[in-house]
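Engineer: I have a structure here, written as structure tokens, and I will follow up with some questions on it.
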Ligand SMILES: O=C(O)C1=C[C@@H](OP(=O)(O)O)[C@@H](O)[C@H](O)C1
Ligand SMILES: C=C(OP(=O)(O)O)C(=O)O
């Protein structure tokens, strides 16, 4: 795995003044659909037997890149503005032709900075039998790809490195598709290596039996999500043995599905209540979810906030409310749990809260964040220091030893979660500017507007 430094990139655009919360942040917020679920459902729709419908699909850069890539592989996409009078938009996707029926024309996939595109689509490309060239943003070229490519290679696909071996850009070609069978990879750098092979497993002629050879798989919730989404689509998956997954071969029936809100992107809004002693409510919180963001209900109380839920009619969703703690003088009070473990993609948002707490917090089992949109451990340490706090990297994470104290320009490193880190810190610290707030369009183009309306009080109370 590469480690890249968190030197602040220069930005030509005007930095975004993070709104300071003059009072406890109170209001109600609705967040768009989950990136991880949207891109899994779109991919499975592309491998299904007939046109499938994804209702309330996320509209963001990552989901657009997924749709464009699937179109490049031969899918057709129809946008439906109002699905059956529900008021919700939907995407109808007609599947990708698989080998040997697919076109033989070479194709190109732009992965942008989307892990779910760069790690999930090489196996789909191999199933089409076409020669498919993959590339992405400059920042994407340092995200590890090796295990997916080694897995596909072991399954018989030809991979040519168009750059550094194990990284973008590369070309995948498997004339005749994939037979599948047994394969072993080391997925300790990203759960997406496992998900990317499993999602295509049913369309391999013998199915897929995948074994992880390393110590642990990070972001295990995302592997569980993949298994659950496959089962929901009618695919048989055996995950009864640790670190071994068997996907049975067979057709994927066409489906219609509605995507849950993105619980990771809900994070900064819920944290806003915890950081300011405010109260934020979210309706439509799934009562059961495979998303890692369901962990906010356990994480926020560890920082002193109170989380309550009320079942909504039908029982499948809840209204969730977060109330931040205040001290005897009514000032916001953020406690530290001391250590938080394995917070995966929630880490930058949790770190923003921890950086406002007077007591230190240590983040453990997050070393794979070095391969995220940027090296998040280096980036968080650098930005906390820039804001007058103290922090240091550790072998498997980082430690915040004193809170942020003054404003500064927070650099985003093209990473949406670093941009929202800056927004959260800016609630309590004046004169925080966020460089490249626009990178939040990766998963949530509406972030800047929603954030401003919540903090400045235009959101319903
Ligand atoms: O499968 C997915 O949708 C994801 C898996 C995780 O990747 P890592 O295992 O690399 O953390 C997560 O961080 C990423 O945001 C989305
Ligand atoms: C790690 C993330 O994204 P990606 O899907 O690009 O890996 C993330 O959204 O935090």
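Every residue gets a Cβ built from N, Cα and C, even glycine.
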Engineer: Check TrEMBL: it lists 35, 143, 192, 376, 417, 442 as binding phosphoenolpyruvate. Then name which of 115, 166, 338, 342 it lists for that same site.
Structural biologist: 115
Engineer: If you compare CA-to-CA distances from residue 191 (3-phosphoshikimate binding site) to each of the binding-site residues 115, 143, 442, which comes out shortest?
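Structural biologist: If we rank 115, 143, 442 by Cα distance to residue 191 (3-phosphoshikimate binding site), first place goes to 115.
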Engineer: When the Cβ positions of the recorded positions 219, 345, 376, 442 are compared with the atoms of ligand 2, which fall under 6 Å?
Structural biologist: 345
Engineer: Taking ligand 1 as the reference and 6 angstroms as the Cβ limit (strictly under), which binding-site residues among 191, 192, 417 are close?
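Structural biologist: Cβ < 6 Å from ligand 1, in sequence order: 191, 192.
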Engineer: Work through the recorded positions one by one (143, 345, 376) and name whichever has its CA nearest to the CA of residue 219 (3-phosphoshikimate binding site).
Structural biologist: 345
Engineer: For the binding-site residues listed here, 191, 192, 219, which shows the highest count of neighbouring CB atoms within 10 A?
Structural biologist: 192
Engineer: Can you tell me how far the Cα of residue 442 (phosphoenolpyruvate binding site) sits from the Cα of residue 35 (3-phosphoshikimate binding site), in Å?
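Structural biologist: Distance between the two Cα atoms comes out at 9 Å.
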